[in-house]
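Worksheet: one structure, shown below.
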Amino acid sequence: MVTGFQLMDTFGLFAANLVAGGFSSYRSEERRMEANVPIFQQLSGINTLMHYCGTIIRSAGVKDNYITLIWISAAVSSINFFCTFIPIALIDRLGRRVLFLISDSSPNFKAEQYNVDNMYDPTVKNADFCRKFSNCDFCVTADSCGFCEDHDTKTGWCLPFPDKNSDKYSATGACLNGDFTVNGTNAKFEWQDTYCKSKFTWMPIVIMVLYLGSFSIGYAPMPWVLNSEFYPLWARSTCVSISTASNWIFNLIISLTFLSLSQALTKYGTFFLYAALTVIALVFVFFFVPETKGKSLDEVEMLFMTEDVRKERLARIQEKGNKNGRDRESSMRDKF
């Protein structure tokens, strides 16, 4: 019963704020656009890295045991925490908008770099079951295929998984049953079930660190700072709730679609998509997000008013200031 009344009360306040917003003097289209800022935070693909950090590191070619992968993942993810302290020192010096633009452009560059590092493309020879895949990355992305690579030439075959122990050998070919040779030769082969080994394995890890660091200085805190400043007091709770809900909804969408996108577009194709969305966010922030550094909440509020209402508000503030000045002057005369 009590919960029902609380829900009714919450819905009533929400509806009242929406109706009030429709009759307000604010440019509602800009209000709606500012509510999209937290959405772009998720469209950068940040939680893909956070949730699938271990999977991405392993797919980059790290073949150590899972304990090592966990520690590497923890070290990479900790960058997101430590770099969050940077904007605390810079937010009032450089401003919200500058930090946002710097942070927005950096993940885009890092995402593109990550794509290039994953485009390792050894020549694929005959395959009995997985021959349609043209390189190692396509091969290991498939659920039932792995890559058997020549250690010296870096060429190999895309081969099907066996029924058991698919992490150890293939169902056919040079990596069959752990016999990683061809016709008794001395050629050495390595079975790669979920990753593509490369001499550039370290690069995606370094770029992930830079990605998280640049994200933390602006993209992580700025949407919440700006959302607390953009809205008038009467609409703040409703608008912040909508922004927060949008953020978590897109968090869920990005997290649930990453593995499917990796299969459909490949890993680097998926990160190219995130990079493209980040470019859109960069344009959006540049043209539509105002700077609020050094402004009071009343001044920020006036940024979203129509021109006529803003002039009226400024005149009213000036008149009030003159009246207060006259009152203070009269009070001083009475005292002395």
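Cβ atoms here come from the backbone N, Cα and C positions, even for glycine.
Copied from TrEMBL, the annotated features are:
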DOMAIN    1-293  domain 'Major facilitator superfamily (MFS) profile'
TRANSMEM  69-91  transmembrane segment
TRANSMEM  200-220  transmembrane segment
TRANSMEM  240-259  transmembrane segment
TRANSMEM  271-289  transmembrane segment
REGION    316-336  region 'Disordered'
(request) Count, for each of 69-91, 240-259, 271-289, the Cβ pairs lying under 8 Å from the transmembrane segment (200-220), and report the range with the highest count. (result) 69-91
(message) Under 8 Å between C-beta atoms and at least six residues away from its ends: which parts of the chain pack against the transmembrane segment (69-91)?
(response) 50, 53-54, 57-58, 62, 99, 205, 208-209, 212-218, 220-222, 225, 293
(message) Considering every residue in the domain 'Major facilitator superfamily (MFS) profile' (1-293), what is the mean pLDDT value?
(response) 72
